Amino acid sequence: MKDCYKACRLKFPRVPWASSIWCRHIHPKFSILVWKKFHDRLPTDDHLQRRGIRLASVCAHGASPSNIESIFHVFCDCLFAISLWNWLAMVFRTFPPTTICWLEIWKSIESKPFPSQLKNLWMTASLSMIYVIWYSRNKRLFDDCPVNISSRSIIVSLEKDCPS
Ligand SMILES: [Zn+2]
């Protein structure tokens, strides 16, 4: 059965970011979200518009009212996301990821010169932050409910979701 699966399976070249997101210290729900992002599978407004769905697009947080909601806006350009990245960088006493584009933000996250264990923690916290940004966006958009993002709630979420 295993051989049959291997023979039928489509094989693609390994992407450089795969080993960073699929590892033991990162909860799969964070990895899956980032994987979807890299494969352009997150249903942001601009994505839905490209697929022919007509809708008015605004920032879910209302923090940047003139912006069309895109992946770049949600994770990099939104004032809400920027404030969270700045907070995380402050906790780790480093600079926040650059916000030129998604790939740059990812390279900035991956290239921090931390010692091994701190790097694992940084990667986990960064992927968790991406998850928190997406969760908050969805909560605001679909439940019309602002999420109370405090440092305590993020830490509690990390402790709950990360294997010890
Ligand atoms: Zn925004």
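Cβ coordinates come from backbone N, Cα and C, glycine included.
A TrEMBL annotation is a machine prediction, not a hand-curated record.
On a predicted model such as this, the values are computed, not experimentally measured, just so you know.
For 1-85, the entry in TrEMBL reads domain 'Reverse transcriptase zinc-binding'. Here the domain 'Reverse transcriptase zinc-binding' (1-85) has, by DSSP, the following mix of helix, strand and coil residues: 42 helix, 0 strand, 43 coil.
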Averaged pLDDT, computed only over the residues in the domain 'Reverse transcriptase zinc-binding' (1-85): 85
